[in-house]
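Visitor: Under the heading transmembrane segment, TrEMBL lists B:12-29, B:36-54, B:60-80, B:87-109, B:121-142, B:175-194, B:206-237.
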Amino acid sequence: MKALVLEDLARNFGGLPAVDGIRLEAPAGRITGLIGPNGAGKTTVVNMITGLLKVTRGRIKFGDDDVTEADATQLARIGIARTFQNIRLISDATVLENVVAGFHRHETTGTFANLFGLPSAQRERRALEDKAMILLEQFGMTGLARHPAGGLSYGHQRRIEMMRALAMDPALLLLDEPVAGMNDSEAHSLADIFRNVARRGVAILLIEHNMRFVMSLCDHIYVLASGRLIAEGTPDAVGRDPRVIEAYLGA
Amino acid sequence: MMSFFHSYTPLFELALFNTLLAFSQYVVLRAGVFSLGTAAFAAIGAYVAAIVVTTYGLPFWIGIVLAIAIGAMVGALVAIPLARLRGVFQALATLALVQIVLSITLNWVDVTNGALGINSIPKTVGLVGLLIAVAIVTYFMAAIGSSSIGRAFDVIREDETVAVSLGISVVKHHFIAFVLSGAIAGLAGALHSYNSYSITPNEYGFNMLVIVLAMVVLGGRVSIWGPIVGAVILTVLPELLRGFQEYRTVVQGALLMASIIYLPRGVADTLIGAYRRRRIAEETSRMRETVTA
């Protein structure tokens, strides 16, 4: 059970602050929301947490560890998973292959066994495929296991990304606009899955545009505008905050 | 029948040698490394094998083992400084490696006999030997391709950002790809030495680099059939085009261009993709029938 803590986190692009000193906490077992209008710096925050962007100032803590300087591979290995705002799948590979890729950090077969095609490597592949099929069943996609991922609908591709992230069995899950472009019933079925994941003790940071979705799902919400935190609190408190209304609807 | 087979033996042998080179190129491309180093690794393998037999009088199998080991070692040595490079920069750096090896084989006359090359290498490897080597390498490629390493290669090639976000180490897998590429090309070079009586530096120059790259691009970069199909086509094609005489290379170039425009994923990967799509379409229609019935 690990919590994510951001302290005074900042990032400049060519001298311009994209994220300017934000403080945020995403406790284990909870769904924490991070919302804000376009260009507020939400994805920049995610990219800093996952090590894809270097931090200009501030600290990132995960559990008891300071992971500010860790690189993306190390962060994934310690259990930080994410989905991407613009879907990123291997489009020629099948749905099953895409999900199996998510198990990488749990693979135990040595390089030698993999190089020589030893039985242990083949057993591991079959075991991972079985585990991936269980995920596919949860997401109602068993029938599409052998389809190339690139040919499927947008909603399906979003689900594949989600399954790949869950295959990592993460301690922290970063969801970057997971229901963008989905209708309400599709979004609702995903919301149930997110609640179940959180119940298992995973810290979830949900980055969203869809206010209604965030309000219904999150325990605590942070509101970002122009790289600064302008409000935080329970969904109700944030929804009534005049600064939030102004940022979203304009003055 | 036997005489027909006999007269084509050199062509078969060339096709098998080219298949090995194509595998060396394929393994790096599959991992998303744009290396052109295959010609250099093959030259190293060929010279190591030839020198072991002609200068030191050792048995040929020692030459083969040493060629593979030194090929792999050079692959590893190259991988370390090139770890930060990508795409066209990788291509340029490995092209430089080919030039370095070429100039060493040309100018280190005491050891390599310079531009004359090494001659009267006893022929110890024939069609069967090459077939066994291709079979073994094909097995390894299939095993690696369906293992954790192959899965990591595929993710890295398609999207490095996704790869690192899943905890896949790009440096480690690029290193493995370079070592494999070096080992396979080292083996290919050694077998060529023992099959063709003599080797010269210019065999392993720009020409080989281009044709090997063309084989994998034409054949396909994902399935292990790609390099095999590409090597066979580009070995047989010049023979089929004999009738065109001096226009042969022009026709060959035009065919290559056309195939890259119309089959950008390569012959093998395109065919496999089409076959899979058809099978899925049949399955879905069968499922619909059972639902309506």
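Positions of Cβ are set from backbone N, Cα and C atoms, glycine also.
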Visitor: For the transmembrane segment (B:206-237), which stretch among B:36-54, B:60-80, B:87-109 has the most Cβ pairs under 8 A?
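Guide: Ranking B:36-54, B:60-80, B:87-109 by Cβ pairs under 8 Å to the transmembrane segment (B:206-237) puts B:36-54 first.
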Visitor: When you scan the chain for residues with a C-beta under 8 Å from the transmembrane segment (B:87-109), skipping those not six or more beyond its ends, what do you find?
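Guide: For the transmembrane segment (B:87-109), the list is 33-37, 39-40, 43-44, 47, 78, 81, 115, 201-202, 204-206, 209.
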Visitor: Taking a Cβ cut-off under 8 Å, which residues six or more beyond the ends of the transmembrane segment (B:36-54) line up next to it in the same chain?
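Guide: Same-chain contacts beyond the flanks: 21, 24-25, 28, 60, 62-64, 66-68, 70-71, 74-75, 78, 91, 94-95, 97-98, 100-102, 105, 111-112, 118, 120-122, 124, 178, 181-182, 184-194, 199, 201, 203-206, 208-209, 212-213.
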